[in-house]
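So that you can see what the record holds, here are the features copied from TrEMBL:
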type: ACT_SITE; residues: A:THR190; note: active site, nucleophile
type: BINDING; residues: A:THR153, A:LYS179, A:THR190, A:GLU275, A:ASN396, A:SER401; note: substrate binding site
There are 2 protein chains.
Amino acid sequence: MNNIVQITGGVTAPQGFLASGLACGLKKSGKPDLALVYSDPVATGAAVFTTNKVKAAPVLVSREHLSQQNKRAVIINSANANACVGPRGMADTLTIARALADLLQTTPDELFLASTGVIGVPLPVPPILAALPTLKENLSAGGGTDAARAIMTTDTFPKEYAVAYQHDGREIRIGGMAKGSGMIQPNMATMLAVLTTDAPVPQAVLQQTIRAVVDRTFNRITVDGDTSTNDSVFLLANGAAGGPPVTGGPALAAFTAALEEVCRHLAWMIVQDGEGATKFITVRVTGARTEQEAETAARAVANSPLVKTAFYGEDANWGRILAAVGYSGIDFAPEKTRIRLGELLVYDGAGLAFDEAAAKRILQEKAITTEINLNQGEAAATIWTCDLSQEYVRINGSYRS
Amino acid sequence: MNNIVQITGGVTAPQGFLASGLACGLKKSGKPDLALVYSDPVATGAAVFTTNKVKAAPVLVSREHLSQQNKRAVIINSANANACVGPRGMADTLTIARALADLLQTTPDELFLASTGVIGVPLPVPPILAALPTLKENLSAGGGTDAARAIMTTDTFPKEYAVAYQHDGREIRIGGMAKGSGMIQPNMATMLAVLTTDAPVPQAVLQQTIRAVVDRTFNRITVDGDTSTNDSVFLLANGAAGGPPVTGGPALAAFTAALEEVCRHLAWMIVQDGEGATKFITVRVTGARTEQEAETAARAVANSPLVKTAFYGEDANWGRILAAVGYSGIDFAPEKTRIRLGELLVYDGAGLAFDEAAAKRILQEKAITTEINLNQGEAAATIWTCDLSQEYVRINGSYRS
């Protein structure tokens with residue numbers, strides 16, 4: 001898959017996709033809070049949603065819309081999650097869906113909808129309805145970044161990525177945008193992503209592929225272990241690149257690899273932008289008997305407040321890492337285990353008298369990898385996370401706006 | 001059990017118990033770091049240990065000593081955990097056990113041993129051996145507080161509690177000391193407690209009782225969700241109060257209730273002294289189908305960094321509480337659920353327009369209770385925790401001394 005190249009344009013990088021973003025008044029700050037991604041020709045649509053038992057209204061509506069294979073557009077508002085507001089939540093989302101469907105001369109079930117922001121406060125519907133015509137007028141092939149900005153909440157920068165690759169003499173493009181920040185954890189907590197491609201992919205194949213790719217990318221990151229009520233990843237494929245349907249073989253392998261690259265980069269951006277994050281931490285568990293076991297151990301380490309604060313403090317505290325593996329629930333032998341910070345071996349069945357200065361140099365880096373080798377098998381898994389800083393507490397200990 | 005009264009004296013409150021604590025040089029600060037609790041007459045001994053797969057040497061040794069019913073003493077050092085140092089860890093603990101056994105004219109297996117502090121650094125044995133004679137000479141019936149001080153690590157105050165109750169015309173006393181602070185979570189992470197009683201309780205009954213009581217007290221508190229390698233709770237019963245063996249019926253019921261009161265108060269002190277804690281949070285889940293389900297949900301809420309930072313910020317953020325129940329894994333109906341902050345109902349199947357001023361008054365309290373009523377059964381469970389402050393991050397983001 002070495003023919004995958006990064007390109008600009010985000011969700012509007014692929015042919016046939018338009019996007020727009022504007023401020024309709026949901027954010028007190030006056031910043032953009034409403035985004036639309038539109039496809040012409042009509043696309044097939046797939047999606048993966050939060051596993052949280054508490055699901056926001058737009059998640060429930062979009063999930064129902066999966067029964068319709070075709071998708072025209074994705075609309076997302078920030079500043080309000082339209083979650084936990086009772087029956088009116090569904091009514092409000094359906095009202096917006098109907099109005100947008102009329103405007104785009106399509107049906108509500110050809111739309112995906114998402115909301116992100118404050119929970120438990122009724123969604124202000126009138127300002128959204130009033131903004132729809134302008135949102136449509138503003139649609140443009142260069143509007144990817146506007147849309148990416150409009151879905152931000154506590155994010156400090158818009159998150160976009162796009163790639164192109166050649167297959168059978170055709171160029172296929174895949175673009176994406178995401179928002180993350182607080183409450184990011186496995187199963188896509190308060191994480192939204194919209195992915196677009198001009199590859200011709202049948203809906204069933206698209207759904208299988210996005211689920212598998214999300215499990216290896218967005219579901220392998222964590223900021224604070226919390227998971228939210230609104231997470232959604234949408235993927236639209238409009239076939240504008242032409243060629244035969246992508247249903248398997250090399251064509252699907254190439255598409256999956258490119259999609260995974262886009263999702264991995266968006267996931268990394270979310271971790272890098274984790275609330276108060278000062279370091280990007282890669283926790284890799286190797287030598288496990290199964291990938292599940294490796295992932296369980298890596299997740300425990302990545303979610304440990306003591307490990308995360310140690311990285312924040314640039315403290316070579318492998319004891320906290322080993323202790324986290326110890327309570328992860330997996331069976332392993334501490335006396336056979338090896339722990340590395342970067343390339344530096346700090347624990348080998350017992351603590352080592354390692355070079356403190358070398359450790360300090362590694363821990364002062366912005367990106368740090370720790371490898372825990374359980375030495376009891378061939379399986380491995382990686383979880384990406386960030387450190388836990390005083391800034392995280394400051395952000396989450398005060399009201400959001 | 002209304003005849004249970006609080007008394008002073010900690011571990012030396014019951015008849016026949018002596019204790020001492022001194023500084024042998026493990027703590028750079030020169031503060032006390034070695035504690036001894038001794039019983040004459042000889043006691044029966046029970047203990048519960050960490051569930052972490054990574055167990056410190058003294059935990060492994062003390063666990064083996066459970067096969068010996070009689071116990072003479074408990075020795076605890078702070079500043080060094082004697083964990084993850086390889087085979088020498090066991091050798092060092094056994095060396096200390098042999099030396100103390102000779103000094104007390106008993107056998108090593110009549111001793112419980114514990115260590116708490118830095119992981120992965122070899123335990124300095126000579127200073128401990130050198131201090132043993134003085135530690136023995138200093139044993140006194142008023143030494144409970146000295147011992148409680150000597151087991152502190154990042155604790156900001158010594159933790160002692162004792163009660164007395166009448167049974168069949170006899171006074172029975174139960175005393176205890178504990179240390180906690182960072183890394184406290186279910187299954188007693190980096191938590192040590194020594195409990196003493198002059199009740200005559202056979203070892204088998206003592207073991208059953210302490211396990212049940214620990215599950216309802218020390219295992220229901222959490223500070224940061226991490227669990228450690230050294231946690232141990234010891235209980236010695238020397239029968240000095242006289243009377244028939246406590247094996248069941250009202251005698252055991254009274255003993256269990258009194259022991260639970262001591263353990264609950266020690267557990268509360270540990271939470272109140274959680275690293276950087278500014279508030280004591282009681283998370284109570286009611287209306288659950290099973291106690292296990294209630295505990296799972298309460299634990300998820302109590303361990304959520306977002307919930308804990310919201311309490312720190314005095315933010316009535318019931319959305320984070322509901323979201324935590326949502327990802328706890330239990331099955332429940334958000335639309336049937338009720339959430340209270342103190343007495344204030346803030347969520348009733350949907351967010352309520354509650355009195356912000358009233359909420360603020362409740363959240364400004366040092367002790368806050370939140371009740372989540374799932375409305376689908378009769379079971380309930382309570383988890384005690386503290387808020388997550390910037391001070392927690394500061395403490396854990398820098399090297400300990």
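Backbone N, Cα and C define each Cβ position, glycine as well.
Any TrEMBL annotation is an automated prediction that lacks curation.
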Message = Distance check, please: Cα of A:LYS179 (substrate binding site) against Cα of A:THR190 (active site, nucleophile), rounded to an integer number of angstrom.
response = 8
Note = Per DSSP (three-state), A:LYS179 (substrate binding site) is strand
Request  = Pick out which of the recorded positions A:THR153, A:THR190 has the most other Cβ atoms within 10 Å of its own Cβ.
outcome  = A:THR190
Task = Determine the Cβ neighbour count for A:GLU275 (substrate binding site): the number of other Cβ atoms within 10 Å of its Cβ.
result = 26
Message = Between A:THR153 (substrate binding site) and the residue listed as 'active site, nucleophile', how many Å separate their Cα atoms?
response = 10
Ask   = Between A:GLU275 (substrate binding site) and the residue listed as 'active site, nucleophile', what is the CA-CA distance rounded to a whole number of Å?
value = 12
